[in-house]
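Input: one structure, supplied below.
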Amino acid sequence: MSAAPSRERGPVFSMEPAHILLVDDQPEGLLALEATLAPLGQKLVSARSGREALRHLLTQDFAAILLDVVMPGMDGFETASLIRERERSRNTPILFLTALSRGQLPELRAYAVGAVDYLLKPYEPEVLRSKVGVFVDLFRKTELVRRQAEALRETQRREHEGELAEAHRRMEAERTRTREEHLRREMESHRNQQRWLEAVLAALPTPLALVEPGSGHTLLANRAAQGLAGGCLAYREAPGLHEGVIVRGRGGDPLPQDAQPLMRAARGEALHGLHVDWELGGQRGSVRAYSTLLPKMYGHPETVLLALLDVTGPSATQQLVEGLRHLVPPVSTPTEQEAGQGPLPTMRSDQPKDLPATEAEHPHAGKG
């Protein structure tokens with residue numbers, strides 16, 4: 001037989017004894033009340049006057065107030081009126097106790113000032129305990145309901161805060177995911193742009209290299225730069241891989257590596273067509289070096305751009321001049337004798353080519 005499903009129980013409250021306020025100007029009257037109500041097991045608070053009773057009501061809630069009607073100074077009616085004027089004690093049950101006879105007690109006034117009942121002295125202890133016990137039971141139940149309501153509100157508040165916290169956590173997680181996705185796409189876009197730029201640089205015929213300032217470490221070199229002089233002009237480490245590589249300046253003297261274009265550009269020097277010659281494995285060439293410092297941008301640090309223009313052999317203009325020189329025959333200057341004979345005759349297009357020269361030149365010679 002399966003056990004019945006357990007139900008979630010609410011919080012269990014331990015109810016403390018209720019407070020009962022006893023007000024009488026006669027000590028023997030207070031003693032009698034304490035003896036009568038002691039079996040209820042509640043906390044009994046005694047006051048010898050109305051003013052003392054009001055002071056107790058400022059700091060403590062009571063299940064019931066047993067108030068003597070006839071007291072010097074402030075009597076029971078005035079005390080009850082002041083009790084009802086205060087928010088905290090407005091609903092506290094007041095039970096009048098009096099030695100007056102039924103005809104002498106102004107019942108209407110007693111009820112008007114807030115009394116819920118009254119007993120005539122001498123009273124029956126059982127009757128008094130019964131009436132006060134009802135008030136105590138009502139107070140404890142009311143207090144229990146109040147605590148349960150507070151506990152429910154606290155539970156609802158915590159649940160609401162938990163829901164808000166969970167919603168906030170989900171929202172933050174979504175924001176984080178969105179930011180990470182945006183960052184991932186942005187990084188992927190930058191990588192694609194870098195790949196595209198590397199492909200463009202690699203395809204350019206001009207030797208280009210991106211160099212780290214200071215160290216001279218080459219970050220990127222295209223194919224043209226790698227193939228020029230075995231890469232010795234684009235990579236700091238390349239000369240160590242090739243034996244016999246020589247780089248010369250304008251004067252023809254070999255240049256140490258620190259004086260070569262790569263390291264000069266890495267040190268921050270702007271090159272504007274620096275001319276160097278190189279020799280490697282029987283091959284020779286000449287280049288002009290240009291450099292500029294690229295500023296920080298898009299998350300990349302400062303970078304040196306080094307361009308190496310291959311000027312080995314004649315330039316294109318020189319080649320064109322040489323070509324034209326071979327196409328056009330040289331023009332000679334006529335001698336003085338040739339100049340004195342006058343202009344040379346010209347050959348007409350309709351002149352026969354097989355005639356003797358004299359006839360061709362003088363067609364009417366010898367004819368009368």
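Even glycines carry a Cβ here, placed using N, Cα and C.
For 359-368, the entry in TrEMBL reads compositional bias 'Basic and acidic residues'. Per TrEMBL, domain 'Response regulatory' is recorded for 19-136. Residues or ranges marked as 4-aspartylphosphate by TrEMBL: ASP68. The region 'Disordered' feature in TrEMBL is assigned to 156-180, 330-368.
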For the domain 'Response regulatory' (19-136), DSSP counts of helix, strand and coil?
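Split by secondary structure, the domain 'Response regulatory' (19-136) comes out as 52 helix, 26 strand, 40 coil.
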What is the number of residues in the region 'Disordered' (156-180) that are helix, strand and coil, as DSSP sees it?
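Helix, strand, coil within the region 'Disordered' (156-180): 25 helix, 0 strand, 0 coil.
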Can you check which residues sit near ASP68 (4-aspartylphosphate), meaning Cβ under 8 Å from its Cβ, same chain, 6 or more apart in sequence, and list them in order?
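In sequence order, VAL23, ASP24, ASP25, GLN26, GLY29, GLY76, PHE96, LEU97, THR98 meet the Cβ cut-off.
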